[in-house]
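Undergrad: Mind looking over this structure? Questions follow.
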Amino acid sequence: MKLSVYGKGGIGKSTTSCNISVALAKRGKKVLQIGCDPKHDSTFTLTGFLIPTIIDTLQEKDYHYEDIWPEDVIYKGYGGVDCVEAGGPPAGAGCGGYVVGETVKLLKELNAFDEYDVILFDVLGDVVCGGFAAPLNYSDYCMIVTDNGFDALFAANRIAASVREKARTHTLRLAGLIGNRTSKRDLINKYVEAVPMPVLEVLPLIEDIRVSRVKGKTLFEMAETDPSLQYVCNYYLNIADQILALPEGVVPSESPDRDLFALLSDFYLNPSKSHVMSEDEELDLMMV
């Protein structure tokens, strides 16, 4: 099974991806997480350091694939999760999609691509160009990380459009949304009413999720010394269980940009009597 995780930049994709990878490993699966971001920090909370990238290794070996061994590019992370960082081209040059393709090519050359029960691609940012949509070509499911804010859901809608486009020629489905660190889900609910899709989980506003990223540890590792965090791990285990159940998923029909802008704006500008706009939501609106 191959999964891709997308979402607005800074929404918590890598933290979410690492914890889902560990949750899948806890369920007995052999997992490989591939970071698809030039920052090459996707697997930081699994390994505790920035591992060398595949593109750097290829350059060192002058692109002689036969001179590269699995241990040169695959690093063992927490919970037995194997980790790879694709890396990226120099800033302002090259194509990230090419780097993803080279990563998959090398892993296949090493007979590693098909050795795992689950491969999870953690993909940068919210601008899904043809290059960084490349992981969708290899994926069975896409998961979109969001929060209860305008910008994150607007980005989710654009990613849903990419899933729909790729599903024309690939066996790709959208597994659903994952709400990350949000105290409410009313705007998420409003969005999925307009664009029907599953909501796999909504994680509450838990500060330890953010802290885990800074510490370079997953919530599962932190829970070993602080059992009170086990309830947070259960959110990720629930997501893993849903994915392992092989959900039908959906081919989404995204909302036109202007329609979605009007829908989400109206939610803020004309709140229902039961909805009182919070200071955080007012700030979100000011940033639009």
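Just so it is clear, glycine is given a Cβ too, placed from its N, Cα and C backbone atoms.
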Undergrad: Where Swiss-Prot shows Gly10, Ile11, Gly12, Lys13, Ser14, Thr15, Asn180, Arg181 binding ATP, which of Lys39, Lys61, Lys76, Lys108 is named for the same site?
TA: Lys39
Undergrad: Which entry in the list of binding-site residues, Lys39, Arg181, has its Cβ near the fewest other Cβ atoms, using 10 Å as the limit?
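TA: Across Lys39, Arg181, these binding-site residues, the one with fewest Cβ atoms within 10 Å is Lys39.
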Undergrad: Once the chains shown are all counted, how many other Cβ atoms turn up within 10 Å of the Cβ of Cys95 ([4Fe-4S] cluster binding site)?
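TA: Other Cβ atoms within 10 Å of Cys95 ([4Fe-4S] cluster binding site): 15.
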Undergrad: Grab the ATP binding residues from the record (Gly10, Ile11, Gly12, Lys13, Ser14, Thr15, Lys39, Asn180, Arg181) and give me their largest CA-CA distance in Å.
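TA: Taking every pair among Gly10, Ile11, Gly12, Lys13, Ser14, Thr15, Lys39, Asn180, Arg181, the longest Cα gap is 23 Å.
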Undergrad: Which one of these binding-site residues, Gly10, Gly12, has the sparsest Cβ neighbourhood, judged by other Cβ atoms within 10 angstroms?
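TA: Least crowded of the binding-site residues Gly10, Gly12, by Cβ count within 10 Å, is Gly10.
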Undergrad: Could you state the whole-number distance in Å separating the C-alpha atoms of Cys95 ([4Fe-4S] cluster binding site) and Gly10 (ATP binding site)?
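TA: So the Cα of Gly10 (ATP binding site) lies 21 Å away from that of Cys95 ([4Fe-4S] cluster binding site).
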